[in-house]
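Notes follow the structure.
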């Protein structure tokens, strides 16, 4: 076991006693003690204030890499400990000071069964969040709180309860001074979230084989070309001319250029960013007004300007149907993709059509990618869609070479994995 994976390193001197006891029991796979110590989910989620070690991290890390000394009993005790912690609400994607989740540790140590337990916990959590999405949380007795506050103010005005208010302030100050240190995740996880609205208000630049916004976020990059080519091959298996195609998100125009080569009967593009639309209007993009006028019929080749949420409704109302649909937007979370294939695809995709999307869900971390693959598959099935995942190798060594990868000037790499899972979706049955 590496020195930085030892218990003496992972449990710091500043670790509160109750968390230290829990980490030690989890490390030893002492399930009975773990059960005795856990009385609330918070106990299962406690982290060392310096290392970020959680009981889940500890239970997995202590296994080390597989060796001849491993016994079936040791393995079962480790699985039982991890399962118990997850049952009590241990968080599958909490990171430590090495920016590793418990699943990341399991993958690094080549512990596939423990890794799978973390993946399944992630799937359960994300499916639960999906069920809760759209429901407004109940207020926590706001009116009662206001009434109590008003009562306290009235008593203070009478002068009878003022000393208690002073005492309360002193107690609060003392409590703040005694508040134990809380682990702060690595800065890489504290970056500002990019939203669709922020992106649409941003300035973008096309340069050196990439499209980047003014915050340095990579919107699209040339390394995706092979993925786009394979996506076109999957959406249009025989490259037959005369197909009806819809693409959401123009980006650099990589996939639209490939679609255009097949000489479709209908080729519609939805794009919302003003500066991307300005670029499209130039001859350099190859999708300006000249391209629109080259269609086999008026409106057959068209760039729809606006958000897909509104344009999609218009297409549905006008009865448009497509043989191939591709979805690749920027700054939107998984919920928007799910809404598209749940509410829009049933009406826009031909019964024999094929739907695909850029699968970058959680692609900066393997366990997140694995979790979202399973979650998306379940939600696609709920929407009446079957999905086949085509695995495409990504040469990360080549991408890592500074003179080849084109990542210079990009704030964060949104892709770090060796394999891309390309989704090919068709209607069930």
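Glycine residues also receive a Cβ, built from the backbone N, Cα and C atoms like all the rest.
Per Swiss-Prot, the feature region 'Disordered' maps to 41-76, 137-180. The compositional bias 'Acidic residues' annotation in Swiss-Prot covers 137-163. Per Swiss-Prot, compositional bias 'Low complexity' is recorded for 164-174. The domain 'RMT2' feature in Swiss-Prot is assigned to 190-429; the stated evidence is sequence analysis. Annotated S-adenosyl-L-methionine binding site per Swiss-Prot: 199, 228, 250, 251, 252, 253, 254, 255, 271, 272, 273, 308, 309, 328, in sequence order.
Features per Swiss-Prot, on structure.
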residue	record	DSSP (3 states)
250	S-adenosyl-L-methionine binding site	coil
271	S-adenosyl-L-methionine binding site	strand
309	S-adenosyl-L-methionine binding site	helix
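When other Cβ atoms within 10 Å of the Cβ of residue 273 (S-adenosyl-L-methionine binding site) are tallied across all protein chains shown, the result is 26.
Counting residues of the region 'Disordered' (41-76) by DSSP class, helix then strand then coil, yields 17 helix, 0 strand, 19 coil. Long-range Cβ proximity for residue 271 (S-adenosyl-L-methionine binding site), meaning a same-chain Cβ under 8 A and a gap of 6 or more residues, is found for 249, 250, 277, 280, 303, 304, 305. Around the Cβ of residue 250 (S-adenosyl-L-methionine binding site), 24 further Cβ atoms fall within 10 Å across all displayed protein chains. In this view, residue 309 (S-adenosyl-L-methionine binding site) is surrounded by 16 other Cβ atoms within 10 Å of its Cβ, with every protein chain counted. Per-residue confidence over the domain 'RMT2' (190-429) averages 87 (mean pLDDT, predicted model).
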